[in-house]
Each structure stands twice: as C-alpha cells, then as structure tokens.
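Reading through the structure tokens given below for one structure.
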Amino acid sequence: MKNDLSFEVVVIGGGHAGCEAAAASARLGINTALFTHKIETIGEMSCNPAIGGLGKGHLVRELDALDGVMGDVADKSGIQFRLLNRSRGPAVQGPRTQSDRSLYRKYMQEKLLNYCNLSVFSDPVIKFIFNKNTISGFETNSGKKILCGKLILTTGTFLNGLIHIGDERTPAGRFNEKPSTGLSEQLEKYDFKIGRLKTGTPPRLDARTIKYDNLEEQFADEDPYFFSFLTKKNLNKQISCRMTYTNEKVHKIIQKNLKRSAMYSGSIQGVGPRYCPSIEDKIVKFADKDRHQIYLEPEGLNDHTIYPNGISTSLPEDVQQEICNNISGLENVKIIRPGYAIEYDYIDPRELFLTLETKKIQNLYLAGQINGTTGYEEAAAQGLIAGINAALSFKKQEPFILDRSDAYIGVMIDDLVTKGVAEPYRMFTSRAEYRLSLRADNADQRLTNKGIEIGLISKEREDIFKDKEKKLGIISKIMGESLISPTKIKSFNIKIAKDGILRKSNEILTQKGVNMKKIREIWPEIPYFDKKIDEQIEINAHYRGYLKKQKADILAFKRDENLVIPENVNYDDLSGLSNEVKAKFNQIKPKTMGQALRIDGITPAAVYILLSHVKRKSIKLIA
C-alpha cells in the first residue's frame, strides 16, 4: 500500500452533487479532497444541456444564495435564458438556461481546481475502510490508502451502472465510462436497503443534417433572468431552439419494435422517472395522443451536436435511426450517438438523517442520485447540504437543517428521508406547501443570512447581500410612512374605495397597474437604486397579504411540528397504532412530529396518538 493521505472531508464523485459537496466543505475552511474517475469529466452534463426549470430553478437560486457553484457556472455557460411561466406569478416562475456543455464543464473545472482548501484527484475508489460502524477511509485503484474524518458518496449513475441499447447491455456509469463496482456490495453488508432505478437519454443528432426551414423557433428571453444573484451580464451569444413532433408513422414504428426496447423486453428491472418518460412509454401510456413534442436543443455554440429533448429511448440503434428519419426536419439526420437507458443502484434515502449522514454508518454521507433523485439540480442541492453538514460535524458544530418553510432544498430532503422514493424523485413547485414564500426572487433573503451565520458565505457575496438589504430597508421604511387619502389618489387615476381611510404607499403598490414608477410620481422622495430593487419591492408588496396569513400558518404548524420525539420512545407499546405504522416509525425513527407526519402511509390519527404520548411524557418530566 502506498503512503497514506489524510483529509478532514473527502467527496467521492465529480458530478453535480460532488462539486457542490466539495465546494461547500472547503468554503467552511475544511481540508477537503474530491476523488473522481477523470478530472476532465468534472461537471459533465450527462443528459440534457440545461439547468433549471420549474421547481429546479428554485433549487439553483437557493444554492446560489448559499454561495454554491452551480448558479454562477450556469450563468457563465448559458446560451438560451428563459423564465418559464413568465405570465404567471413569481411563486411558480422557473428560471432555466440552455448551457453550452463544454463551457459548463470548463467553468466548473476552473472553479474547483482553484478552490481554496480543496484538492482534486483522478483515482477511482475500489474499497471502503470501516472501523466497526464508522467509515474511516478507502483504497483507490492506484493503491493509495486515503484516511478521512467524513466521507461523502456522490456516485450518480455509476454505482453498478448498466447501459441498455436494445438487447445490448454494457456495464457503464455513463456512455464510454466505466461504472463503480463493488461499493454497493460493501454497503449491503451493513443492511442498507439497496434498489435499482433507471433513467434514459435520447440519441444525439448532427445539426448539419437537420432541415430547419419549416420548424418552429423558440427564442431566448430578451431580458435574461440569471441564476446567480452576483451575475450582472450575459457572457455568451444567445441561440434559438427548434421544435418538431412525432407522428402516427413514428408511433407505428415504435409499437412494431416495442419488444426490441430494453424497457419492454424485460431486460430492465429499475423504475424510471415518471415525469421524464421514454418515447416508448409515451406511445404506450398516452396512446390517444397523435403526436409528441420534441425540442431540438443545441449542445454548444461551437458544437454540431443536437439534443432532441423528448425522445429518450432504449430501442436498438437501427430503430432509433428509422424513428428520427420519419420526423419532420430529421428526414436526413445523422445520429452521432445512440440513445440509451441506464440502470444503477440507489440506497433508500430513509436510511439517512436530515443531515444526509447515514443512520447505520457514522461519518458517511450520501448525496445525489444515490439517494433516488433525478436531475442535476436535485443532486447539487443534496451535495451542498451533505458538504455543509460533514464540515460542521467535523468541527463539532450544530447541523445545518433547512425545513419545509425555509427552502425547496428543505422540502426535497424532508420528502426523501421521511417518505423514501418509489421512482426517481424530481422537484416541482407543487411539492412545497409554502411556495408563496419560497420564490426564486427571494432565495437570498431567505437563506444568505443563514449561510453567513455558519461562515459559508464569501465576503463579496455578504457585502452585496447586505447592500441590497440596506436599500430594500430604506425604501420599505419610507413607503411604510408615506400616506395618501382616497380623494387625493384619485387624481393619479388609481381606483380605491372611497372610505376616507389613509393608505400607505406599499398598499397602493398592490393595486392593479401600479408599479414603482407610478409610486414615485406620487412620492418622488422615494429613492431609485436599480431595476432589481424595484422589482423586489413590487413582488414583496404583491404577496404581502398572502404571506402574513402564511406566516401565521407556519408558526402554528411549527409549534407541534418542531416538537422533538424522544429517542427512547417505544413505538411497539403505543396502543392504537397498527403494526404497519409501528414498523415505519421503528424504521425511520422520526426526530420531530412534523417528520413523523410526512412519512408515507402515516395517517394524521397515528401522529395524534404519538403527539399525545410525547406531550404526556413531557408533562411528567416537568412535574
């Protein structure tokens, strides 16, 4: 064995979870190492060349508010910025960008390879080192023995990964890249519940062989909505995407060849993502539809590769070619690389604490697709939380937990560790009970101070954030003191009830058609700082009434939700609970009443029995 190396925190895996985990740990001043198969694939976008979207964009803004790396890299590599749901309210709008795949990888690598407190190694891990129920290090392919205080495992689709193209099966973690083998089997010895999930990707097409003439064009937004609160301007030329559709002939080709699909031949055992189905699944499950939309997304400014979003498949390559050649615009298209399905191991996330440390092995943290999620953004958000908590734990500080009213990150992690997954988990705005307050626009106001408190935030970001808060405070104070009567406001063509009650300017701002420009016509003493500050004031005013009620709901809920469940509760002795409920409580061991309530299959009645028991015990202790 070669000379030992020792680090305080080690991250295994250089995907989106691994990048955020390593960066977060390093930002907290911890001597951190990142181990990956290849340094040149750090930050690789394995599937679609895009970041963000509905729910996902919120996660990236929250990552950025906590000084994560994904938002900045997405902005620097963005080649088509679009704000989804722009016509709807800010609570459900989703920032998204098409990224240049090579630029994204380049900027992520530049960032991490120059990150303070972070060392990066290209050396696959082959064996963990355990000391009873504690992980203490690992051995690498080159024969190195690495010791660590905390270990974060972010293997993505590499854990016993298996690629399917028709009846061909190839062990791989990604196209032309070897999987991680043997690691699952080591964890299995500690009775981890390990399952198989599946995801897929479409064939890559040669843009030079596509006829674009009659295809609908989708343009970038003229006024880009960036992911990072620090980004001031767009760096890249903005491009268009094109749209085309499947048709009845294509559907017949797929139906005729279903048995040749790995999905329908019985080759694949893993469950795929419901919200990102293969084209085979679409044809079978939505047989009434005569066409399905396909977005032709360029993979880069200097790249001829097109990602046809909407036709993920595990059909044989010859069938993929036939399908493509019967789609409008793709009649003569050349496939650069076939689409495929990939199966991989995941660990039941109910095996984790909210810190993402495993319950069965101390000092071992899991983040990303190994926890049953799908998507770059979901992985990155978990990486951030695992990295923060591994570092804080090493420093013997309190854990960093975001709850469901704090962030979409908190919603996701709570869902994972309490409910587990039956299919790859994807974030949506509908998953958040408090989505009116968990908006993309206010992620910094919700989270940056929390990051400052634990030493996670850079001086640059802290200064910019505090300056923004100061400006918002100045305007809010003046507007809270500026009053006007219904009679006087009428002269400005603003209609309100003639009830003689004076209104504050922030109340007037909630009226239809009123913006900050109009407000300054009435109160010219209100200072103007910049467009972003005005937009934030307008959004805050719009949601003011709703948020006041929601805040009361959150406080009421938290009174019982945050009630801690003693570790010594004997669920088997609680009368009124079914054996199934007792088994779930014993398996998950919820820390709080709120966590108990969100366990899949647990009824409010069962939680009430537990709540009554905990409160009775508390009263006895006080007495």
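Placement of Cβ uses the backbone N, Cα and C atoms for every residue, glycine included.
Per Swiss-Prot, the features are as follows:
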type	residues	note
BINDING	Gly13, Gly14, Gly15, His16, Ala17, Gly18, Val125, Ser180, Gln369	FAD binding site
BINDING	272-286	NAD(+) binding site
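Taking a C-beta cut-off of under 8 angstroms and a sequence separation of 6 or more, Lys282 (NAD(+) binding site) has the following same-chain neighbours: Lys289, His292. When the C-alpha distances from Gln369 (FAD binding site) to the binding-site residues Gly272, Cys276, Val284, Phe286 are tabulated, the minimum falls on Gly272.
Shown in sequence order, Ile254, Leu258, Ser261, Met263, Tyr264, Thr313, Ser314, Leu315 are the residues of the chain, 6+ apart in sequence, with a C-beta less than 8 angstroms from the C-beta of Glu280 (NAD(+) binding site). For the binding-site residues Ala17, Val125, Cys276, Val284, the greatest number of Cβ atoms within 10 Å around a candidate Cβ is found at Ala17. Residue density at Ser278 (NAD(+) binding site): 27 other Cβ atoms are found within 10 A of its Cβ, drawing on all protein chains shown. Binding residues for FAD (Gly13, Gly14, Gly15, His16, Ala17, Gly18, Val125, Ser180, Gln369) extend across at most 18 Å, taking the greatest CA-CA distance. According to its DSSP assignment, Val125 (FAD binding site) is in a strand.
Taking the Cβ of Gly15 (FAD binding site) as centre and 10 Å as the limit, one finds 29 other Cβ atoms among all the protein chains shown.
For Cys276 (NAD(+) binding site), the nearest of the binding-site residues Gly13, Gly15, Val125 in terms of C-alpha separation is Gly15. Annotation for the binding-site residues Arg274, Gln369: lowest Cβ count within 10 Å of the residue's own Cβ, Arg274.
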